[in-house]
Amino acid sequence: MAVPVGNALFGDNYLSHAKGWKSWLFTLDHKRIGVMYLVSILASFLLGGVFALLIRMELWTPQRTIMDANTYNQMFTLHGAAMIFLFIIPGIPAALGNFVLPLMLGAKDVAFPRLNLLSYYLWVAGAVLALVSIVTGAVDTGWTFYTPYSTTTNTSVISMTLGAFILGFSSIFTGLNFIVSIHKLRPPTMTWFKMPLFLWGLYGTAIIQILATPVLGITLLLLIAERALGVGIFDPALGGDPVLFQHFFWFYSHPAVYIMILPAMGVISELVSTFSHRHIFGYRFIAMSSIAIAVISFLVWGHHMFVSGQSNLASLIFSILTFLVAIPSAVKVFNWVATMYKGEVELATPMLYALSFLFLFGIGGLTGLFLGALATDVHLTDTYFVVAHFHYTMFGGTAIAFFGGLFYWWPKITGRMYREAWAKLGAFLIFIGFNTTFLAQFIMGAQGMPRRYYNYLPEFAPYHKVSTIGAFILAIGFVIAAGVLLHSLFAGEPAPANPWGAATLEWQTTSPPPHDNFETQPIPGDPYDVDRWVFDREAGGYVLAPSGAAGGRV
Amino acid sequence: MQPVAEFEEVKVHGAESHVAHHFPDAKAQVEAGKLGMWIFLATEILLFGGLFCAYAVYRANHPEIFVYAHHFLNKILGGINTVVLIFSSFTMAWAVRAAQLSQQKKLVRLLAATIFCGFVFLGIKYVEYEHKWKEGLLWGKRYKPAHAEVSKPKDVPPPKPLISVNPEERSTLPPPAVPPQGLSWEVRAASQETVVPQNVQLFFSVYFVMTGLHGLHVVAGMVVLFWILLRARRGEFSSAYFTPVDLAGLYWHLVDLIWIYLFPLLYLIH
Ligand code: HEM
Ligand SMILES: [Cu+2]
């Protein structure tokens, strides 16, 4: 079988297929939509990151440092809302998933290309509304919008929540598209258990997106109706119940943390297998644990409300169920470690991110257990311990996997290779900066530093200073990573079709792929049969070993 | 929210036929459209699910409010509206059949009949809303009952808890000093014996939010059906290609179905 080995930068590819801004804005090509998402999502990450640095600068001293208390409240709200709704929820599925999913299926596009474009524009509309709220008085409720505060504060809650509502629909349509694509565009020879694990991750994610997001939608609608019309369903003064808001909110937002982490786990499965040059260990366990996580994630939301006036019985049950989540999560981690064991681990940049993920997500997950246990949570809830926990899972987990995936698929997306040495330096600084920032927060949280506070006791000052220094190391790491990627666009070596030796289908077309994805229809086999690929010096990448010959790296 | 799935059917990537180039064949495309629509309907059910859940919580905690307040809804008008929507589901189903049999004229007429039923429904809903408006029987903050007799309806049965761990226990409002109890099932304070329960506005909040959101869905459904009707007049549908009619029909049935739950839950409480 002829597998393209080369680079299509200078021939016909999806980037050169049509020219002009209209060919981008009205494109139905999943690859271009993925790229547009990628650019927009990275811009949101930058915005959220600037807010984060401002927060950390304010916390340099126990008193006022650079801003007043109200501005501070707006800062952490905007930081949280931008990072969660604009960056991390759409991040992996909408940007990387959009680009990779049809390629991995050997298909030409997602099932509904127009819906795909619509969901991108819904994302834009939601982002614009969020920006409008910043201009018209910002929001100071925290990204959780708890009532009754969110119905009484005089900041622009309505435009922010309306933005989140619209972003929710964007997310639903992406999920819908992915489920239908996986069901209906999978080639007949690719059975469910021959699917790359990234697709299992996206599939589990899509299920949650579809079943949980509408509940957030109705919650936000009720909140808007409450502010605009005074319906009072969450207002105790009118007989309503503010705790009901929390139930609704977390019924979405706990599963939402798995909307964030499941695709990340999918990315990690790909990275670990590819860079260990070894067949993934425990394929079925990893695949099924994605589904198990998706299911259990719907049953644990009450662990955010242990101190909100929920009955003791309910708390007990939620606590038990929370512990169950740890099982499928650990199943995955053990299988990744087992894949690396006796593999030929190659420390390329994406693999450095994958290793960071294993370490950071491990800490994030294990500290979740302290929060899931009733007795310890009463002490730790609403402290910096929680802040550190969810940053280890969301940032150390999802965001790190996102960047790992970005460096992994970058040659496929752009047709360019980046400078490994600098990219590794960036990954390393991010890892160091991350731990400096958030380990300190575990300690001060356990000692009682409350979250979302503007001033604090002087005893906590050293921890806050360490944390702020860490944040700047992180920022430097990201600047380097961004510089590496931008530099590659202009000066990078042309990328081969398969630079890493992966066996999934997206590597069996040129880099970047042609408009229709494949010149010749690829034949799906075992997606982790990496031994069939050998390094070819002439092509600069991996090529299929001549049949019969034993594979392996040269 | 409008169903978007069926927009996908034609001319994606400039292909001439109804089959977009990324589908292996027409069958795969039809199946994909249907699956997409069903998933979309699932999200709609969950959207309303939140409201049904709020309804269940408040009704279980405060049955007296619901029993008292539902007397102000007009069962006759609600009943007529139920019949109207069921009938419109019937004309819709028939329209799909007509499309499958390439009965062009019949299809257009049946779609028009369905849309007409939508207008009747909205008209009757308007009459009901207007009446509530005049009486001041509105949601939350806007609840200001106008007439004395309104605040004391004739035959109010004694309040009866709907769900209760302990059958003896009777649901009442928590006394003012007690914080909101959320979903807790802990025993509440002893009962109070007023004919007009407190917080009646809660019922009207639930009523307006549920029927209002449903009304918006009716409007969205009518817009979609109108668009289908225009396409049908242009002769786009035949036994060879009728998926959009089919999918719009599914959406319309869902909108009807939600009303079929709303009617007894809001109007027919015992
Ligand atoms: C083994 C897995 C996990 C367990 C056992 C766990 C447990 C918990 C618990 C019990 C809380 C509530 C703490 C409190 O408010 O007192 C919490 C908070 C949180 N978790 Fe996790 N978690 C896990 C994984 C994740 C993942 C994967 C993410 C995201 C990708 C995540 C994101 C969050 C967030 C955002 C919060 C804070 C919400 C807030 O109050 O603002 N968690 N976690
Ligand atoms: Cu949670």
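Numbering starts at 1 and runs along the chain as it is shown here.
Cβ atoms are placed via backbone N, Cα and C, with glycine included.
Please treat TrEMBL annotations as automatic predictions, because they have not gone through curation.
As annotated by TrEMBL, domain 'Cytochrome oxidase subunit I profile' applies to A:24-525.
The transmembrane segment annotation in TrEMBL covers A:35-55 (among others). Tertiary neighbourhood of the transmembrane segment (A:35-55): same-chain residues 24, 27, 66-67, 72, 75-76, 78-79, 82-83, 86-87, 90-91, 94-96, 98-99, 120, 123-124, 127, 399, 406, 413, 471-472, 475, 478, selected by CB-CB distance under 8 Å and a gap of 6+ residues from either end.
Positions annotated as transmembrane segment by TrEMBL: A:75-105 (among others).
Look at TrEMBL and you will find A:117-138 (among others) tagged as transmembrane segment.
Residues or ranges marked as transmembrane segment in TrEMBL: A:158-180 (among others).
Nonlocal intrachain contacts for the transmembrane segment (A:200-224), taken as residues 6+ away from its ends with a CB within less than 8 angstroms of a stretch CB, comprise 93, 97, 101, 145, 147, 150-151, 157-158, 161-162, 164-165, 168-169, 171-172, 174-176, 178-179, 182, 231, 233-234, 245, 248-249, 251-253, 255-256, 258-259, 262-267, 269, 286-287, 290-291, 293-294, 297-298. Residues or ranges marked as transmembrane segment in TrEMBL: A:200-224 (among others).
For the transmembrane segment (A:244-268), same-chain residues at least 6 beyond its ends with a Cβ under 8 Å from one of its own Cβ atoms are 84, 88-89, 91-93, 96-97, 144-147, 171, 197-202, 204-205, 208-209, 211-213, 215-216, 218-219, 222-223, 233-234, 286, 290, 293-294, 297-298, 300-305, 308, 332, 336, 354, 357-358, 361, 390, 393-394, 397-398, 400-402, 404-405, 408. Under the heading transmembrane segment, TrEMBL lists A:244-268 (among others).
Taken from TrEMBL, the feature transmembrane segment applies to A:280-301 (among others).
With a cut-off of 8 Å between Cβ atoms, the residues of this chain six or more beyond the transmembrane segment (A:313-331) that come close are 282, 285-286, 288-290, 292-293, 296-297, 299-303, 305-306, 365, 368-369, 372-374. Annotation comment: TrEMBL describes A:313-331 (among others) as transmembrane segment.
Positions annotated as transmembrane segment by TrEMBL: A:352-375 (among others). Within its own chain, the transmembrane segment (A:352-375) is flanked in space by residues 261, 264, 268, 271-272, 275, 300, 303, 306, 315-316, 319, 322-323, 325-326, 329-330, 333, 336-337, 381, 385-386, 388-397, 400-401, 403-404, 407, 424, 427-428, 430-431, 434-435, 442, which lie at least six positions past its ends and keep a Cβ under 8 Å from the stretch.
Residues or ranges marked as transmembrane segment in TrEMBL: A:390-410 (among others).
As annotated by TrEMBL, transmembrane segment applies to A:422-446 (among others). Within its own chain, the transmembrane segment (A:422-446) is flanked in space by residues 56, 347, 349, 352-353, 356, 359-360, 367, 380, 383-389, 391-392, 395-396, 400, 403, 407, 460, 463-464, 466-467, 469-478, 480-481, 483-484, 487, which lie at least six positions past its ends and keep a Cβ under 8 Å from the stretch.
Distant neighbours of the transmembrane segment (A:466-486): 49, 52-53, 56-57, 59-60, 403, 406-407, 410, 418-419, 422-423, 425-438, 440-441; these residues of the same chain sit at least 6 beyond its ends, with a Cβ under 8 Å from one of its Cβ atoms. According to TrEMBL, the transmembrane segment annotation covers A:466-486 (among others).
Counted as Cβ pairs under 8 Å, contacts with the transmembrane segment (A:117-138) are highest for A:158-180 among A:75-105, A:158-180, A:280-301, A:390-410.
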